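Per TrEMBL, the features are as follows:
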- 13-161: domain '3-oxo-5-alpha-steroid 4-dehydrogenase C-terminal' (DOMAIN)
- 18-39: transmembrane segment (TRANSMEM)
- 51-70: transmembrane segment (TRANSMEM)
- 108-131: transmembrane segment (TRANSMEM)
């Protein structure tokens, strides 16, 4: 997502500095995840049928689907050259302001459960702590900016928060 999303956004240019730091973070995180999975993790031969792996994989795929679909809806909000904010509609945006953030959080907690590793849980927690507040602030911005913004929509977790 760090490498693909900036090239598909419309409106204001994506800051090169954010792309750079996002790339650095992904390299470092990828190294930690890969190192742990290759050199530290020990899985039994039947791990692929373990409930942790299968439920984590299902959560990961569900989160990825939500994330991809939400990003697609966000990219379609603006016409080329437009920079104004619009209210996202459809998919999980019906229930939350940060549907793309929700999908990403579900995705990485699914990965953490599937791998059952401390680095993966740390990354999932970091993701929650980093983009959870962004979803909350986007939600507040939408409520303040748009008088017709759906009042029943939550910030990040459908029907809860």
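Heads up, residue numbers simply count up from 1 along the chain you see.
Note that Cβ sites are derived from N, Cα and C of the backbone, with glycine treated the same way.
A quick note: this is a predicted structure, and the numbers were derived from the prediction, not measured.
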Work out, from DSSP, the number of helix, strand and coil residues along the domain '3-oxo-5-alpha-steroid 4-dehydrogenase C-terminal' (13-161).
102 helix, 2 strand, 45 coil
Average the per-residue pLDDT over the domain '3-oxo-5-alpha-steroid 4-dehydrogenase C-terminal' (13-161) and send me the rounded value.
93
